[in-house]
Every structure is written in C-alpha cells, then in structure tokens.
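Participant: Straight from Swiss-Prot, here's the annotation block:
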CARBOHYD  N11  N-linked glycosylation site
TRANSMEM  21-41  transmembrane segment
TRANSMEM  43-63  transmembrane segment
TRANSMEM  90-110  transmembrane segment
TRANSMEM  112-132  transmembrane segment
Amino acid sequence: MTLAEEFRSRNFSIYGQWTGVLCIILCIALGIANIFSFAVLRIIFSVLCLYAMSGLILIFIEVPFLLRICPTSSKFDAFIRRFTTNWMRAAMYAIMSVVQWLSLLPGSGASSLIVAAVFLLIASIFYALAGLKSQEFVGSKTLGGQGLVQMIV
C-alpha cells in the first residue's frame with residue numbers, strides 16, 4: 001500500500017499514527033524551545049514534553065521499526081508493546097495532552113506548548129474514532145508497519 005492508498009483507506013488509526021508523527025516533531029521542537037525559559041513551571045512542562053512523556057516515547061510507539069534497530073531493554077519493549085490497540089493509544093495521547101494543557105497554570109503562563117497539547121488531543125481523537133468504529137489498528141507501512149518489518153527480518 002502506498003501512502004496515498006493508506007490515507008484513502010479511511011482508517012482513523014492511520015490518521016492517528018501520522019498525527020502522532022507530527023506530535024513527535026512538535027514535542028521535541030517545542031520542548032527544546034521552551035526549556036530556555038525563566039519560568040520554572042514552563043521548564044518542567046517542556047522537559048515533560050521533550051523527554052519524560054511525549055517526544056522520545058512517541059518515537060518508539062509510532063515508529064515500530066526503531067524497536068528493531070535501537071538497543072532497548074526488555075522492560076522498555078514490554079512497556080511500548082502495551083500501546084498496540086486504538087483505545088490504549090487514545091488514552092495515552094489524551095493523558096499527554098492533559099499534561100501539556102496543564103502548562104497553562106498561572107505560574108507558567110501561556111507558551112507554545114499549547115500547540116503540542118492541541119495536536120496530542122487531535123491524535124487522541126483519531127485513535128478514539130478508530131476504536132469507536134471498531135477499526136483494527138493498522139500501522140503505516142511507511143513508518144515500519146507490517147511490510148517493512150517483515151522485509152528486515
């Protein structure tokens with residue numbers, strides 16, 4: 001399946017996965033941009049956006065090919081493999097979005113981390129729609145889904 005065929009399939013998990021890739025880029029970029037701030041709360045939320053929750057964890061969840069080529073522990077692999085259903089991914093993205101929405105707390109002030117919160121929420125909605133429509137989770141072959149992983153093994 002080509003990328004265009006994947007988008008025409010109307011499977012919301014594909015939309016969620018590609019929105020997740022956009023979230024990876026946004027979380028890493030905005031996490032780095034907001035870490036250079038004088039507001040302590042904003043620094044904490046930018047670290048959460050960059051390292052602890054969003055950016056680096058999402059890379060391994062949304063690009064399964066990386067689990068094959070990067071040396072990771074078995075505990076980390078087991079943690080990542082928990083997010084194989086649409087509902088688990090929707091819940092994960094919703095939690096990450098709520099954490100970034102909390103960056104609006106009065107001590108932090110408004111920042112560009114809101115963009116990450118919005119896109120994490122959109123990805124959560126896509127995965128929830130896939131779950132509501134009882135669509136199977138389908139990983140994009142471009143990102144290392146079924147086709148690419150089989151070629152490497």
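One-based numbering along the chain as shown.
For all residues, glycine too, the Cβ spot is worked out from N, Cα and C.
Computed from a predicted structure; not experimentally measured.
Set these features in their place in the structure for me.
Facilitator: Mapped onto three states, the DSSP output places N11 (N-linked glycosylation site) in coil. Within 10 Å of the C-beta of N11 (N-linked glycosylation site) there are 21 other C-beta atoms, taking all protein chains into account.
A Cβ distance under 8 Å defines the sequence-distant neighbours of the transmembrane segment (43-63), meaning residues of its chain 6+ beyond its ends; these are 17, 20-21, 23-24, 27-28, 30-35, 37, 70, 72, 76, 80, 83, 89, 92, 96, 99-100, 102-103, 108, 111, 113, 116, 120, 143-144.
Within the chain carrying the transmembrane segment (90-110), a Cβ under 8 angstroms from the stretch's Cβ atoms is held by residues 16, 20, 23, 39-42, 45, 48-49, 53-54, 61, 83, 116-118, 120-121, 123-125, 127-128, 130-131, all 6 or more beyond its ends.
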Participant: Please indicate, using numbers and ranges, the residues of the same chain that are 6 or more beyond the transmembrane segment (21-41) and have a C-beta under 8 Å from a C-beta there.
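Facilitator: Long-range Cβ neighbours of the transmembrane segment (21-41): 47-51, 54-56, 58-59, 62-63, 93, 103, 105, 107-109, 111-113, 115-116, 119-120, 123, 143.
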Participant: What residues elsewhere in the chain lie close to the transmembrane segment (112-132), defined as a C-beta under 8 angstroms and at least 6 residues from its ends?
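Facilitator: Contacts with the transmembrane segment (112-132): 11-13, 15-16, 19-20, 22-23, 26-27, 30-31, 33-34, 42, 45-46, 49, 54, 85-87, 89-94, 96-97, 100-101, 103-104.
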